[in-house]
Amino acid sequence: MHVPDGFLDAPTSVATGVVAAAAVGVALRRARTELDDRTAPLAGLVAAFVFAAQMINFPVGAGTSGHLMGGALAAVLVGPWTGLLCVAVVLVVQALFMADGGITALGTNVVLIGVVTALVGYVVFRGLQAVLPRRVGTVAPAAAIAAFVSVPVAALVFSLLFAIGGTAPVDAGKVLTAMLGWHVLIGIGEAVVTGLVVGAVVAVRPDLVRGARPLVAARELEIRTVAA
Amino acid sequence: MSAPAQDRTRVSTRALLVAGLVVALLVAGVASYYASAHPDGLEHVAEQTGFLDTAEDSPTADSPLADYSTKGVDDERLSVGIAGVTGTLVVLVLAGGLALALRRRGPAGAEEDPADERAHAPERA
């Protein structure tokens, strides 16, 4: 969903740039509470993995493809604020070195692919955790569903931005319908990748996964009580 | 320094990080060649609804790794592989460096993982 320069007009691009900068500013402060000596290297790895995974476009039919956005994945693994920063770093590198996503559109892309997917993904994930059984085994499925939801929401936000500041005289309703349709399909791929990756890390080191930590801590406390 | 028995079933943080990095490098360096070349969802919608021609070339379109291909490398497989590996490592250094700079330091971090703390604690005299 990398937005190139030119799709959105200057005022809209400036506005999304301001929102992106504000979100990154908040994330820089909040991420401190998520990062310690053990999780900081993992954050670097998560960003590197998201960059790599975004190179893999998978076909979704009718000559169209999609790739992982990674915000929900990063949010569950290293926390929403750190996750947002991870994806923002990926987007900056893509825009500056790979010409993937525009330069004036960088704020738009940080908002859509970083802020929206990380925060929506994390809120949905936490909401699911509140209703699901408190077991480590529910972390990966919850992450997958959160990832699935995050993609059409990002498509919705793009469509709203296009309705406000699209440079072409194209019916906004048509754009919205088409964007939602395709991104529900792409969201399935997002869910599969997110579920598999979170599941793999949870299987070997649940204590390192931000979204699993409350469950792991609870379990450890139980064990200690029995041992004492 | 011997690890506690229960740690034997656990993968060390270092092993997890190395394995994860190897996977990321293989995905970016090798698997990326096989990625679908079809337009992505947004590009497809832009074409379908008629606003694709408002897209402008990025100012960085002439950079050495633009469009995930390495300038001067004719072999397509190698060209995308070099771009992918380079990008992955640049992101790793930038994001990892940022995370290390932002992290909480001191004993608070170690306290959260009693297993690691035990593993690193000096042998009792």
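Note that Cβ sites are derived from N, Cα and C of the backbone, with glycine treated the same way.
According to TrEMBL, the protein has these features:
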type     : residues  : note
TRANSMEM : A:7-28    : transmembrane segment
TRANSMEM : A:40-60   : transmembrane segment
TRANSMEM : A:72-97   : transmembrane segment
TRANSMEM : A:103-125 : transmembrane segment
TRANSMEM : A:137-164 : transmembrane segment
TRANSMEM : A:184-204 : transmembrane segment
Between the transmembrane segment (A:137-164) and the transmembrane segment (A:7-28), are there at least three Cβ pairs closer than 8 Å, leaving out pairs fewer than 6 positions apart? yes
Using a cut-off of under 8 Å between C-beta atoms, tell me which stretch among A:7-28, A:40-60, A:72-97, A:103-125 contacts the transmembrane segment (A:184-204) the most. A:72-97
Residues of the parent chain within Cβ reach of the transmembrane segment (A:7-28), under 8 Å, 6 or more residues beyond its termini: 81-82, 84-85, 88, 104-108, 110-111, 114-115, 161-162, 164-168
So if I exclude everything within five residues of the ends of the transmembrane segment (A:72-97), which remaining residues of that chain have a CB under 8 angstroms from its CBs? That is, six or more out. 2, 20, 23-24, 26-28, 30-31, 33-35, 39, 42-43, 46-47, 50-51, 54, 103, 105-106, 109-110, 113-115, 117-122, 124-125, 139, 142-143, 146-147, 149-150, 190, 193-194, 197-198, 201, 209-211
